[in-house]
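Look at TrEMBL and you will find Gly486, Gln487, Thr488, Gly489, Ala490, Gly491, Lys492, Thr493 tagged as ATP binding site. Residues or ranges marked as coiled coil by TrEMBL: 172-199, 230-303, 358-389. Positions annotated as compositional bias 'Low complexity' by TrEMBL: 33-46. Feature annotation from TrEMBL assigns compositional bias 'Basic and acidic residues' to 111-124. Among the features that TrEMBL reports, compositional bias 'Basic residues' is placed at 775-784. The domain 'Kinesin motor' feature in TrEMBL is assigned to 403-726. Among the features that TrEMBL reports, region 'Disordered' is placed at 22-76, 111-152, 732-784.
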Amino acid sequence: MVPTRRTWNLGATPSLRGLWRVGRAGEPEPGMARPAPASPAARPFPHTGPGRLRTGRGKDTPAGSSEEDSGIRSAARPALAQCRAVSVDWAGPGSPHRLYLTLQALQDKGCESKSQGTKEEKLPKRQVPAPKRDREAQEAGGAMNVEKTGGRLFGSGRCSSLSGPPGAAPMVHRMVEAMSQLQEEKAQLQEELVALRERLAVRDSDQQATSTQLQNQVEHLKEKLISQALNESQARNQHLQEQVAMQRQVLKEMEQQLQSSHQLTAQLRAQIAMYESELERAHGQMLEEMQSLEEDKNRAIEEAFARAQVEMKAVHENLAGVRTNLLTLQPALRTLTNDYNGLKRQVRGFPLLLQEALKSVKAEIGQAIEEVNSNNQELLRKYRRELQLRKKCHNELVRLKGNIRVIARVRPVTKEDGEGPEATNAVTFDPDDDSIIHLLHKGKPVSFELDKVFSPRASQQDVFQEVQALITSCIDGFNVCIFAYGQTGAGKTYTMEGTPENPGINQRALQLLFAEVQEKASDWEYTITVSAAEIYNEVLRDLLGQEPQEKLEIRLCPNGSGQLYVPGLTEFQVQSVEDINKVFEFGHTNRTTEFTNLNEHSSRSHALLIVTVRGVDCSTGLRTTGKLNLVDLAGSERVGKSGAEGSRLREAQHINKSLSALGDVIAALRSRQGHVPFRNSKLTYLLQDSLSGDSKTLMVVQVSPVEKNTSETLYSLKFAERVRSVELGPGSRRAELGSWSSQEHLEWEPACQTPQPSARAHSAPGSGTTSRPGSIRRKLQPSA
Ligand SMILES: Nc1ncnc2c1ncn2[C@@H]1O[C@H](COP(=O)(O)OP(=O)(O)OP(=O)(O)O)[C@@H](O)[C@H]1O
C-alpha cells in the first residue's frame with residue numbers, strides 16, 4: 001500500500017526537519033496539475049525520487065569533503081537510518097524506491113566499511129541491523145547480489161574509490177543517471193513545495209481573516225445576546241417586582257381579613273357564651289314548665305276519666321233507647337222494601353210504556369201536521385184569491401187611470417239652449433193641479449191638461465213611480481207600451497235611458513222586474529228575455545243580431561194564433577241588470593258600425609227595447625206572458641215644413657208617417673174601434689199585440705221649456721192632449737178618428753213656423769260617445 005501522505009517529518013531531529021523529503025512525483029497535491037510523467041525509457045526508476053542529503057548550507061555538498069561534513073553526517077546518520085527504515089517499510093519490495101534505498105544503504109555500508117576500523121565504535125545505535133538491510137537490498141535489487149558487492153558496488157563522489165567486479169561499471173552508470181534524474185525530480189519537488197508553502201501561507205492568511213471575522217461576529221452576537229438577555233431579564237425583573245408588589249398587597253389584605261376574622265371570632269365566641277347562658281336559663285324554665293304541665297295533664301286525665309264515665313253511662317242509656325227504636329223501625333223497613341220492589345218492576349216495564357206513549361204522541365203529531373197542512377191549503381187558497389183580487393184591483397186601478405195614459409215631462413233649461421231671449425223659459429205649471437201645463441207661445445198663454453205633468457224639478461224616480469204600476473202588470477201577464485214622444489233634444493232618451501248615475505225608465509223597469517220576479521220565486525218561475533230593434537225610414541233592423549244591416553219583416557204566427565212575430569229577431573235571456581247592460585253594449589256596437597253620425601241617426605229613428613216576461617205558477621202550472629215595450633221615438637219636429645230635400649225629407653216623411661200612425665192607433669184603441677190601423681206603419685204593426693186587448697199604453701210627451709222651441713212644444717202638447725182627449729165611447733171615438741190622419745200630422749197647425757234645426761248641438765262628429773248602461777240609443781251627451 002502506498003501511503004497518501006507525501007511529506008514525512010523525519011523524526012525528532014530538528015536539524016533535519018524540512019530538509020529530508022521523499023516525494024512521490026506521480027501524486028500531485030489535490031487541486032494541482034499533475035506533472036507530465038517521463039517516459040519509461042527516460043526514467044529507469046519511475047515513481048522514485050532520490051533522497052538528498054542536505055547539509056544546511058543550501059547546496060549539495062559531496063560527502064566526505066570536509067571533516068565538518070563528516071561530523072554532521074555521522075551525527076545525522078542514526079536519524080537517517082531511522083528514516084530509511086521507515087522508507088523501507090513504506091516502499092514495496094522491488095519498487096525503485098526500495099532499490100534506491102538499497103543503494104543508499106550500500107553506499108553507507110561502503111563508507112562505513114572504509115572507516116570501519118576507526119569509527120566502528122562510534123556508530124550510533126543502528127535501528128536496522130545489517131542482515132536485515134542486506135535482505136532488503138536483496139529484495140530490492142533482484143538479481144543484484146548485495147553480499148557479493150561487499151559494500152563496494154557504488155558510491156557517491158564522496159567514496160575515494162569505486163571499484164568492483166567486472167560488469168559493475170555499467171550498473172553504476174545507470175545508477176548515476178538515475179541519481180541525476182532523481183535530483184531533477186527533487187528540484188521539481190522543491191518547486192512544488194515552494195508553491196505549496198505559498199498556497200499554505202495564503203490559506204493561513206485567509207483563515208486568519210475568516211477567523212477574525214468570525215471572532216468579530218461572535219463578539220457582536222455575544223453583545224447582542226447579552227443585551228437581549230439583559231433586556232429580558234430587566235423586563236422579567238420588573239414583572240416579578242410587580243408580582244411581588246401585588247402579592248404584598250394581597251398579603252396585606254389577607255392579613256386585614258385575618259385580623260377582622262379574629263375579631264369576628266372573638267365576637268362570635270362572646271355571643272356563643274351569651275347564648276349558652278341563655279340556653280341554660282331557658283332549659284331551667286322549660287323544666288319548670290314541663291313539670292307544671294305534667295301536673296296539669298294528670299289533672300285533666302282524671303277529669304276526663306270522670307267525664308267519660310258519665311258519658312258512657314248516658315250512651316248506655318241511649319243504646320237502650322235505640323234498641324227499642326230499632327224494634328219499631330223494622331216493620332217500616334219491610335214496607336220500604338216492598339215499595340222498592342214495586343218500583344223496580346215498574347222500571348222494567350218502562351220501555352214498553354214509553355213505546356206506547358211515543359206511538360200515541362206520533363199519532364197526535366201526525367194529526368196536527370194534517371191539520372196544519374189543511375190549514376196551509378186553506379191559506380194558499382186564500383192567498384191565491386187575494387192575489388187574484390190584487391190583480392183585479394190593480395187592473396181596475398190601471399183601468400181607472402186609463403189603459404192609455406199621457407203624461408208630460410218638461411226638461412230643464414240646459415247650456416245647449418244657449419243664452420238670450422231665445423233661451424228664456426216659456427213653460428209654467430199650475431201649483432194646485434199637476435196635470436196642467438201653461439205655455440207662453442208668441443206672447444199668448446196656452447194651457448193643456450194631461451194625465452200628469454212633471455216639471456223640470458221631477459227626478460227620474462218620480463217619473464218612474466208613475467209608470468211602476470204598468471211594469472208590475474207586465475209581470476202579471478199584461479202587455480205594456482211606454483213611448484217617449486217629443487222634438488229632438490226634448491229629453492226622450494234621458495227619460496227612457498237616463499245616465500249611468502241616474503238611470504231612466506228602461507233600467508229601473510228591468511230592476512223592478514228582477515226584484516218582483518225574485519220575490520215571487522217561491523211560487524213562480526220566470527224567464528226574462530230581451531230584444532232590441534230599430535226602425536229607420538220604415539226599415540226594421542235587429543240591433544242584437546249578428547248582421548244588423550239585415551232588414552227584418554213582421555209576420556203572422558203560422559200556428560194560427562193571430563199573433564205576430566219577427567223572424568230573425570234576436571232574443572237574449574237575462575238574469576240581472578248586468579246582463580241587460582251587456583246586451584245594450586252589443587246593440588250599441590252594432591249601431592256605431594253602421595252609422596257615422598250616430599246622434600243624428602238616433603234622433604231620426606225609433607229605438608225599441610222589447611222585454612218579454614214568461615212565468616209559470618209552480619203550484620198550478622199556469623203560464624203567463626207579458627211584454628214590455630220601451631220605445632224612444634224619433635224626433636217629432638216637422639223637418640218637412642222647412643223645405644228639406646233628399647234624404648232629410650225622406651226621413652221626415654217616414655217619421656211623420658209612423659207618428660201619425662201611432663196617433664191613429666192610440667185613438668182607435670181609446671175609442672174601442674173595431675178596426676185599428678196597426679199596419680199603417682212598421683212601428684204600430686210591430687207593437688200591435690202590445691197595444692191591443694188588455695194592453696196598457698203610456699206616452700211620455702217630452703217638452704223643451706225654452707222660448708225658441710215653443711212652436712214644437714205647442715205641437716207636441718196638442719198631439720198629447722188629443723190622444724188623451726179621445727172619448728172612450730165608440731161613437732165619439734169614431735167621430736174623433738178623423739183628426740189623426742198621417743197627413744194631418746204633417747200639416748197640422750199651419751200657422752206655426754217651421755222650427756229651426758234642433759237647439760241641441762250634439763252632432764259634432766268625432767267627439768266620442770258616452771257610455772250609458774241599459775242604453776241602446778247612445779248619444780254624445782254634452783257635459784251636464
Ligand atoms: N229631465 C232632465 N234633466 C236634466 N237634463 C235633461 C233632462 N231631460 C233632458 N236633459 C238633457 O237634455 C239633453 C237632450 O236630451 P235627450 O238627448 O234625452 O233628448 P232627445 O229627445 O232624446 O233627443 P233625440 O230626439 O235627438 O234623441 C241631454 O243633454 C239631456 O241630458
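For all residues, glycine too, the Cβ spot is worked out from N, Cα and C.
Within the same chain, residues at least six positions away from Gly491 (ATP binding site) with a Cβ under 8 Å of its Cβ are Arg409, Arg411, Gln702, Val703, Ser704. In sequence order, Ala484, Tyr485, Gly486, Asp632, Leu633, Gly635, Val700, Gln702 make up the list of same-chain residues 6 or more apart from Lys492 (ATP binding site) whose Cβ falls under 8 Å from its Cβ. Taking all protein chains in view, 26 other C-beta atoms sit within 10 angstroms of the C-beta of Gly489 (ATP binding site). Sequence-remote contacts of a segment are chain residues at least 6 beyond its ends whose Cβ falls under 8 Å from one of its Cβ atoms, and for the coiled coil (358-389) they are 619. Among the binding-site residues listed (Gln487, Thr488, Gly491), Thr488, Gly491 have a CB atom closer than 6 Å to some atom of ligand 1, in sequence order. In the three-state DSSP reading, Lys492 (ATP binding site) counts as helix. Cβ neighbour count for Thr493 (ATP binding site): 27 (other Cβ atoms within 10 Å of its Cβ, all protein chains included). Around the Cβ of Ala490 (ATP binding site), 29 further Cβ atoms fall within 10 Å across all displayed protein chains.
Neighbour count (other Cβ atoms within 10 Å of the Cβ, all protein chains): 25 for Gln487 (ATP binding site). When Cβ atoms from all protein chains are considered, those within 10 Å of Thr488 (ATP binding site) total 27, not counting its own. According to its DSSP assignment, Gln487 (ATP binding site) is coil.
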